[in-house]
Ligand SMILES: NC(=O)C1=CN([C@@H]2O[C@H](COP(=O)(O)OP(=O)(O)OC[C@H]3O[C@@H](n4cnc5c(N)ncnc54)[C@H](O)[C@@H]3O)[C@@H](O)[C@H]2O)[C@H](O)CC1
Ligand SMILES: [K+]
């Protein structure tokens, strides 16, 4: 599935119309009929529906929806919230078809008038503003939105809740707080931001027959779904041996932090790694080894004095390495040597990100892929921005940072944004609030490590890993646990069920 900005959606539309030969009127017909079909399955004929239309093509969708609902025998009324002359083009065409049905059309100019009318209805279909909204919401639409939000009725938005911008980085001035949004063709960027996602309520995407070539013409971001994982997940060879499933290493764990490295190692093994070596300090080895007997161990002696040649030899045998879980904030020299002496992917997480930030000021000689996996706080530290700024612009800040430093960025959150050094982006929206706990990041690092060992395409490996992590939490909360009691160790055990659905 694609994720689009407003500009990309218009470009996709233009391509579908000009090169695909589908008329705009037909796209509008498809959009309206698809939404109406969903509405007839979700609501009953006992519920009275008020379709509120604005001046643009979003309003045009509203006229089509109303026509289909009326044809199916639903009790539906259209309220036009703008002057007649403002309705033009395809929207005017579909308004004409609505008028031909001889059902009523009320034109409303005053907010109080709308309020009085709405008392007689159960459901509001919001087709006032779509992705064409610009700047501050003007009167009287502004007051209409207030009336709608205060109505207490069920609010169903078409494409986007009216007033909400489609793109990130725009302050939300005034917008409808929908219970449900039927998104036309592809989710818009604001579906995935903390502050704006709440306006959508539940959402569902309507396919309106836009050819895939139209989407590919503007190379939009992707939302990673099970079908993408199924299409890209490496198949196990019948004659596979531990060597062919990849060798990986987790480096971390100070004396007082054995848990992080243990979680990463166990998660990497549960994700199908052939061999995992835990590189940690002497005090941790007996603790970690007692709970992870499948791993081998490497004594990290270079902690206080930099890197030793026996460390370097061990690192060079690996297919991928994860660094930083529970490692503490000192000794940045080790990371530089690790990055410069290895040709496999290196993933940097947790305290390792603080070491890496120190390296940003100097040149690190490295050709192989580097992956960083910050949460919002760590990304704010790395980019010298506030968390608030980052939450408003996570896509553009991640992209700019990944391109500038030529790294893969996994920005962890409810919606995890994965960015490649060339700017390509994938969102993983799996998971739940049960993951908002200590240790789940260490588990993700372990899963990603194994994915990196087994897939040539780093971006896809990372997207698959995020899917596994989030889906494990979803299954566990559906069947066994709750978001309250779910622990990072449970997420490791839940992986078995996710893998069974992939084979
Ligand atoms: N995606 C598709 O393939 C299709 C989408 N459809 C629908 O079309 C809208 C986008 O239509 P557009 O006409 O470009 O924009 P709007 O409907 O949002 O209307 C713009 C209109 O609104 C007024 N306006 C803009 N800003 C403000 C403001 N701040 N305050 C008050 N009023 C404002 C102004 O008059 C503008 O001209 C998309 O979302 C889909 O719903 C097609 O139906 C099918 C194909
Ligand atoms: K809308």
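From the backbone N, Cα and C atoms, a Cβ is placed for every residue, glycine too.
What TrEMBL lists as domain 'YjeF N-terminal' is 9-216.
Around residue 61 ((6S)-NADPHX binding site), taking its Cβ as the centre, 34 other Cβ atoms fall within 10 Å, counting all chains. Taken from TrEMBL, the feature (6S)-NADPHX binding site covers 57-61, 130-136, 159, 326, 375, 442.
Here TrEMBL flags 58, 126, 162 as K(+) binding site. In sequence order, 54, 58, 126, 128, 129, 130, 133, 141, 145, 175, 176 are the residues of the chain that are 6 or more apart from residue 162 (K(+) binding site) and have a CB within less than 8 Å of its CB.
Annotation source TrEMBL lists domain 'YjeF C-terminal' at 225-502.
Spatially close to residue 412 (AMP binding site) yet at least six residues away along the chain are 373, 374, 375, 376, 441, 444, judged by Cβ distances under 8 angstroms. Here TrEMBL flags 412, 413, 414, 415, 416, 441 as AMP binding site.
Screening the binding-site residues 61, 126, 162, 415 for a C-beta under 6 A from any atom of ligand 2 leaves 126, 162. Summary of the AMP site environment: with the site residues 412, 413, 414, 415, 416, 441 set aside, the chain residues having Cβ atoms within 8 Å of the Cβ mean position are 375, 411, 417, 428, 431. With a 10 A radius on its CB, residue 135 ((6S)-NADPHX binding site) counts 8 other CB atoms from all the protein chains. Report note: the K(+) site is defined by 58, 126, 162, and the residues of the same chain whose CB lies within 8 Å of the CB centroid of those residues, excluding them, are 52, 54, 59, 62, 127, 128, 129, 130, 157, 158, 159, 160, 161, 163, 176. The average pLDDT for the domain 'YjeF C-terminal' (225-502) in the predicted structure is 93. When secondary structure is read from DSSP and collapsed to three states, residue 126 (K(+) binding site) falls in the strand class. Closeness to ligand 1 is met by 61, 133, 135, these being the binding-site residues among 61, 133, 135, 416 whose Cβ falls under 6 Å from the molecule. Set side by side, the binding-site residues 126, 159 differ in how many other CB atoms lie within 10 angstroms of their CB, and the most is found at 126.
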